[in-house]
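Student: One structure, pasted below without further comment.
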Amino acid sequence: RESLESKERIHVCLRVKPILELEKEHDTQGCVSVVDSTSIILKAPKGSKTFRLSEKNLRQLVQKFTFSQVWPVSLSVFGPKTTQEELFDGAVKQPMLDFLRGHSRLIFTYGVTNAGKTHTYRGTSEKP
């Protein structure tokens, strides 16, 4: 990939966390649907206040967001089975090379507790 400098000042990537086995056992539903490589739709979880209000037509049930790149939920477009190597090549490699060439770059993860930030940034000891 070419340098991000020619494209955007801020490059935002999103990696959608897969539903874990423990969450599946508790009948947790996915609330993120991938539209394409740059857009997602968030759906209010069943039982949430937003969901209840949307049933009464008082609130919107879904919201669409657009990013520079989305690591979505199907393997053909970098889903929860995305490897650390694929994520690195798609989101980190070029900014890191730019940094090594003297450009300023910042890469960070952001999200709520247990959202997968550390896993995204570090991987596991078996697959760093």
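Yeah, the Cβs are placed from backbone N, Cα and C, and that goes for glycine too.
In TrEMBL, annotation is done automatically, which means it is predicted and not curated.
What TrEMBL shows for this protein is this:
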- 9-128: domain 'Kinesin motor' (DOMAIN)
- Gly111, Val112, Thr113, Asn114, Ala115, Gly116, Lys117, Thr118: ATP binding site (BINDING)
Student: Other than Gly111, Val112, Thr113, Asn114, Ala115, Gly116, Lys117, Thr118, which residues of the same chain sit close to ATP? List them in sequence order, counting a residue when its Cβ is within 8 Å of the Cβ centroid of the site.
Tutor: Lys17, Thr109
Student: Going by DSSP, give the three-state secondary structure for Gly111 (ATP binding site).
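Tutor: For Gly111 (ATP binding site) - judged by DSSP and reduced to three states - the answer is coil.
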Student: Could you tell me which of these binding-site residues, Val112, Ala115, has the fewest other Cβ atoms within 10 Å of its Cβ?
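Tutor: Across Val112, Ala115, these binding-site residues, the one with fewest Cβ atoms within 10 Å is Val112.
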Student: My understanding is the cutoff is Cβ-Cβ under 8 Å with a sequence separation of 6 or more in the same chain; which residues meet that for Gly116 (ATP binding site)?
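Tutor: Within the chain, Gly116 (ATP binding site) has Cβ neighbours under 8 Å at Arg15, Lys17.
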Student: In the structure shown, which of the binding-site residues Thr113, Asn114, Thr118 has the fewest other Cβ atoms within 10 Å?
Tutor: Thr113
Student: Quick one: average pLDDT across the domain 'Kinesin motor' (9-128), no decimals.
Tutor: 76
